[in-house]
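K.L.:
The structure's right below; bear with me while I get my questions together.
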Amino acid sequence: MDPRNGRRRLVLIPIQLASYAIIAIMGQTTQNINILFVNEVDNNLANVAVEVALNYVKKNPQLGLSVDMMYVEGNRTDSKDLLQALCSKYGQSLSENRPPHLLLDTTLTGVSSETVKSFSLALGIPTVSASFGQEGDLRQWRDLTPTKRGYLLQVMPPADMIPQVIRSIIIYMNITNAAILYDNTFVMDHKYKALLQNIPTRHVITTIADDRDRASQIEKLRNLDINNFFILGSLASIKQVLESAKNEYFERNFAWHVITQEQKDLTCNVENATIMFLRPMSDSSSKDRLGSIRTTYNLKQEPQITGFFYFDLTLRALIAIKNILQSGSWPSNMKYITCEDYDGTNTPNHTIDLKTAFIEVTEPTTFGPFEIPKGGKMQFNGNTYMKFDMDINAVSIRSGASVNTHSLGTWEASLNAPINVANEAEIKNLTADVVYRVYTVVQAPFIMRDPTAPKGFKGYCIDLLNKIAEIVEFDYEIREVEDGKFGNMNENGEWNGIVRKLIDKQADIGLGSMSVMAERETVIDFTVPYYDLVGISIMMQLPSTPSSLFKFLTVLETNVWLCILAAYFFTSFLMWIFDRYSPYSYQNNREKYKNDDEKREFNIKECLWFCMTSLTPQGGGEAPKNLSGRLVAATWWLFGFIIIASYTANLAAFLTVSRLDTPVESLDDLSKQYKILYAPLNGSSAMTYFQRMADIEAKFYEIWKEMSLNDSLTAVERSKLAVWDYPVSDKYTKMWQAMLEAGLPNSLEEAVQRIRNSTSASGFAFLGDATDIRYQVLTNCDLQMVGEEFSRKPYAIAVQQGSPLKDQFNNAILMLLNRRELEKLKEQWWKNDDVQNKCEKPDDQSDGISIQNIGGVFIVIFVGIGMACITLLFEFWYYKYRNNSKVIDVAESTDQQHGGTIVKNVRPAGKLMKQDSLKDSTKGHNYQNLRTRTLMPNLSKFQPRF
């Protein structure tokens with residue numbers, strides 16, 4: 001812009017090559033080169049390396065270079081001042097007739113880098129840039145024409161290539177989560193998306209926090225379910241991060257990878273850690289040159305790889321410009337314009353092939369050769385870099401000292417090169433075991449404590465999680481949630497239990513009989529259901545029907561039995577009296593009835609027998625002969641018929657009613673009575689159900705009330721709302737109030753104890769998940785499940801909202817479902833469980849009378865048989881050994897003097913005498929001794945036989 005007239009003016013300055021030709025003719029081989037060096041604040045290493053490169057050129061005249069450098073420094077965030085400085089320096093060089101042959105750009109990133117790219121593109125200045133960015137990241141150079149691509153070059157610095165090793169490590173070790181921390185020695189702005197693109201790894205890329213927030217930063221990353229940490233930075237920054245982490249973060253479920261540009265050893269004050277340590281290695285073929293440059297030109301600043309990169313890049317760019325000038329390829333009509341002259345459309349059209357010249361430079365490099373794409377569709381910019389290798393080591397640190405370092409492999413710098421592993425087993429040991437934090441609530445048979453189990457717990461859900469772990473390949477550590485709740489939301493929208501743990505990122509998995517609920521799904525995610533729909537059911541104490549072997553006797557009261565017994569004896573006594581004193585009875589008319597076939601004398605024994613047998617189907621036998629006796633017998637028969645019929649009917653009814661005595665059979669029955677208390681578990685899904693139903697009823701009542709009292713309604717409309725019955729049910733409102741009055745148990749064990757402490761006057765019913773109740777019934781013989789299930793909901797595994805575990809677990813559960821593994825687990829824990837009690841089968845309505853209730857009849861038989869046996873023995877004894885009886889032996893002989901009978905021997909009863917041959921000594925006669933048994937009172941009637 002001309003200050004005199006305000007117009008833009010174009011300044012054309014021809015390049016005077018005549019002097020160069022004259023110098024060549026005269027034999028002078030030194031080429032003068034003007035460069036404009038643009039650097040960024042705090043990038044002091046670039047300044048040092050460029051100065052060393054210029055000094056190297058001066059001390060090596062064989063290079064044939066003479067360099068005149070102009071220097072511009074800018075701030076990464078201030079483009080205006082930088083542009084003004086560039087325009088000023090550039091305008092000054094044009095006014096002095098020494099325009100720059102090359103713009104050497106060592107800005108790193110940000111607006112400073114974009115300003116330099118825009119400046120060089122607009123004014124057509126040949127540029128070699130060492131800015132960060134892959135292909136397409138340099139926005140100002142994104143759509144260059146082929147001509148401009150020939151002189152606008154970018155070579156990526158080592159710090160832009162080193163982060164690519166993270167991609168290679170993650171791919172090789174199949175890492176699913178990563179936190180990438182970096183300091184100011186690396187630039188990662190352009191790698192947030194590109195670094196792990198198309199890799200299913202959940203990751204966070206962030207700068208290292210300051211000293212005050214560094215520990216909390218690591219804690220927050222851990223709460224994001226990240227256990228693989230990558231640190232990019234200087235050794236000092238790496239040391240600070242490692243020392244800020246808790247000791248528990250160096251356990252087997254964590255992995256630390258530290259990556260630096262420096263070549264020194266890793267040191268940090270941690271207690272016990274094994275860390276993957278990566279650092280660059282120089283090219284073995286260039287070690288002599290590197291050592292010479294370090295010592296001769298004092299280029300010793302760290303990181304060395306970056307310093308030598310700037311050195312090699314500067315030297316190569318200068319030689320490339322020299323070769324172009326000396327070969328005559330530099331345009332003879334080179335035109336330049338100032339910043340004031342640029343209008344957005346008048347960029348000079350230069351045809352300088354700096355790219356080819358840069359590629360053809362044969363000067364050896366110091367740290368590593370440049371990798372330059374040759375041919376094909378790959379562009380120079382974003383794909384050119386210095387080649388080098390990264391050494392991969394495992395460093396073991398104990399009590400702050402490095403005790404062991406061994407090599408694991410190498411990585412050759414590239415955008416997609418894999419790592420070269422020397423020891424696969426050891427590098428696998430550095431992989432963070434995928435260990436998820438599982439929180440649960442103990443509830444049999446899903447989760448049960450077992451100190452002998454590997455994880456301290458057993459149950460259906462533990463077996464399920466183990467099978468999922470085999471498919472997804474992970475390990476887990478399980479803990480019981482402190483408050484013992486699955487998760488409920490209070491009035492302030494705050495959660496407790498497992499849901500709280502998942503929200504706060506303190507848990508990865510929520511395991512147990514956890515119901516899928518709408519409000520829970522707003523803050524956490526659920527997998528597909530692993531269990532059938534489970535509803536709420538009722539658990540009560542199993543009514544104990546008293547059993548008695550003589551239950552058939554309890555049909556009639558004791559006084560009734562006594563009355564029957566009295567009637568029996570009284571009737572028997574009357575029959576005996578009537579038969580004894582009636583003139584028409586058998587015993588008083590023996591001659592009249594002597595020809596009858598049955599001659600029965602009704603003495604007291606026969607009367608008792610007759611009345612007893614009359615009550616049986618066998619009948620009493622022959623009835624009395626007299627009419628009065630028969631009337632008594634008929635009356636007894638009628639009495640017996642009525643008693644037996646009544647007894648039979650009452651016995652059947654009594655046994656049936658005792659088995660039908662169930663006070664509650666459904667939720668409606670429970671709500672309509674007040675004798676039995678009932679309540680769900682505090683904080684359970686059942687409690688939420690009843691509380692919510694009560695709230696809905698209250699809201700419906702308010703809506704109906706508001707409609708009924710609405711003054712804007714007409715009389716006709718209001719009359720349509722008038723009903724005699726209450727239109728809104730208050731069933732759940734009353735039930736919820738009754739539950740609060742009864743008190744909600746805090747644990748299932750407390751609920752079971754309250755049920756067992758129930759009495760007939762005040763019972764207790766528990767409302768809970770049907771699976772929990774069903775298991776309690778299986779393992780306790782004194783409990784029963786009443787009614788049908790209601791409010792059925794599925795069980796699922798809970799994970800953090802947005803967690804990748806949801807899809808992984810879904811696939812695993814569906815695989816198990818297809819393999820029928822879930823059915824096997826259900827069979828194992830509900831039917832084949834060792835703790836299942838072998839309960840006696842309760843009497844059912846369709847069952848017959850049990851032996852416990854009718855066994856007394858058999859006892860009656862055995863008692864009768866026993867009495868008969870005793871009676872038989874008594875009869876035998878009574879017949880054989882009569883009271884006061886004796887057995888005598890009588891011997892008859894002829895007394896010569898008296899001619900009478902002589903009693904020779906008399907013996908007591910029971911002594912049987914043998915026959916004796918009595919011989920009369922005087923007569924010489926033999927007599928048979930006659931033996932007889934007789935009572936002593938009848939001895940006088942005995943007539944001897946001879």
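Every residue, even glycine, has its Cβ placed from backbone N, Cα and C.
I grabbed these lines from TrEMBL:
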type: DOMAIN; residues: 435-832; note: domain 'Ionotropic glutamate receptor C-terminal'
type: DOMAIN; residues: 445-504; note: domain 'Ionotropic glutamate receptor L-glutamate and glycine-binding'
type: BINDING; residues: SER515, ARG520, SER685, ASP769; note: L-glutamate binding site
type: SITE; residues: VAL664; note: site 'Crucial to convey clamshell closure to channel opening'
type: DISULFID; residues: CYS781-CYS839; note: disulfide bond
K.L.:
Report the residues of the chain - excluding SER515, ARG520, SER685, ASP769 - with C-beta within 8 Å of the mean position of the site's C-beta atoms, for the recorded L-glutamate site, in sequence order.
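P.N.:
Sorted by sequence, the hits are PHE486, SER513, MET514, VAL516, MET517, SER684, ALA686, THR688, LYS793, TYR795.
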K.L.:
Restricting to the domain 'Ionotropic glutamate receptor C-terminal' (435-832), what is the model's mean pLDDT?
P.N.:
84
K.L.:
If you draw a 10 Å sphere around the Cβ of SER685 (L-glutamate binding site), how many other Cβ atoms fall inside it, taking every protein chain shown into account?
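P.N.:
A 10 Å sphere around the Cβ of SER685 (L-glutamate binding site) contains 23 other Cβ atoms.
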K.L.:
Measuring Cα to Cα, how many Å separate VAL664 (site 'Crucial to convey clamshell closure to channel opening') from ASP769 (L-glutamate binding site)?
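P.N.:
Computed Cα spacing between VAL664 (site 'Crucial to convey clamshell closure to channel opening') and ASP769 (L-glutamate binding site) is 18 Å.
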K.L.:
Within 10 Å of each Cβ, count the other Cβ atoms, then let me know which of the recorded positions VAL664, CYS781 comes out lowest.
P.N.:
CYS781
K.L.:
Rounded to the nearest angstrom, how far is the Cα of CYS781 (disulfide bond) from the Cα of ARG520 (L-glutamate binding site)?
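P.N.:
The separation of the Cα atoms works out to 36 Å.
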K.L.:
As a test of the contact definition, list every same-chain residue at least 6 positions from SER515 (L-glutamate binding site) whose Cβ is closer than 8 Å to its Cβ.
P.N.:
PHE486, VAL534, SER685, ASP769, LYS793, PRO794, TYR795
K.L.:
So how many of the residues in the domain 'Ionotropic glutamate receptor L-glutamate and glycine-binding' (445-504) end up helix, strand or coil by DSSP?
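P.N.:
Summed by class, the stretch gives 20 helix, 13 strand, 27 coil.
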